[in-house]
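Student: Okay, handing you the structure first.
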Amino acid sequence: MDFLLSGLAACGACVFTNPLEVVKTRMQLQGELQASGSYQRHYRNVFHAFITIGKVDGLAALQKGLAPALVYQFLMNGIRLGTYGLAEAGGYLHTAEGTLSPPRSAATGALAGVLGAYLGSPIYMVKTHLQAQAASEIAVGHQYKHQGMFQALTQIGQKHGLVGLWRGSLGGLPRVVIGSSTQLCTFSSTKDLITQWEVFPPQSWKVALAAAMVSGIVVVLAMTPFDVASTRLYNQPTDAGGKGLMYRGILDALVQTARTEGIFGMYKGIGASYFRLGPHTILSLFFWDQLRSLYYKYTK
């Protein structure tokens, strides 16, 4: 039940934040491996990107890739939050004195995140491809011509096999390790502190909401460079054998980005990442906490 509740919580958050994921993906691909000022900026900021995509691609384009995004969120976060919840309920995250152990919390969050992200990697890759697809006048990054999630998975599988479906999966793991461990560790630690300080009444939904808000800020700052590199790894063109033509791996993507675009290139789309990751972290952790509370309230 923990896995089911975790997956539903993440899907609920995804419906609201997917348009920001579309904007974030395109901003991260804009000016890929090009020096600042040497390319046309189709998307000047988050709000301009929303208007541009809606005007040129249509409002429906703001929900591009929603199907694979929902599948990925259910699979990845169902496993991630579900595993973390079981570890928390089993007392594995607390010391002998009963206090939360940040190292255990971070390690559990990272391991749970890696498991979920690796299994869901093909879905995430297709989601990235679909969200990057745009009209030629505002297109950024390599343009795949997928018709939908199932067609894309079938085509990639037939052309490149299982290796092709899991292309970029290892490069995406550092992003998830850092994001997941940071998110769950800061959420649990902040929640414990707020409870100890009695800022809000016991069991109040405000405790989970405040903890999720703090967690969202930390996640965005720690994760964005790896998120940019991961998006580019998944979206890069491939040769006949399914091997990426632009980057050899996550480290190569980070080095090339920093070398050609500067340190700010590694933080491209941080505004969109904040507006997307912040609300998504808040909503998914808040829904997760509340769904678990309701489940335990009526079953125990």
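Glycine is treated like the rest: Cβ placed from N, Cα and C.
Not my notes, these are from TrEMBL:
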type: REPEAT; residues: 1-90; note: repeat 'Solcar'
type: REPEAT; residues: 100-193; note: repeat 'Solcar'
type: REPEAT; residues: 203-294; note: repeat 'Solcar'
Student: Could you tell me how many residues in the repeat 'Solcar' (203-294) are helical, how many are strand and how many are coil under DSSP?
Tutor: 73 helix, 2 strand, 17 coil
Student: Under DSSP, the repeat 'Solcar' (100-193) has how many residues in helix, strand and coil?
Tutor: 75 helix, 1 strand, 18 coil
Student: For the repeat 'Solcar' (203-294), what's the mean pLDDT in this predicted model?
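Tutor: Reported value for the repeat 'Solcar' (203-294) is a mean pLDDT of 88.
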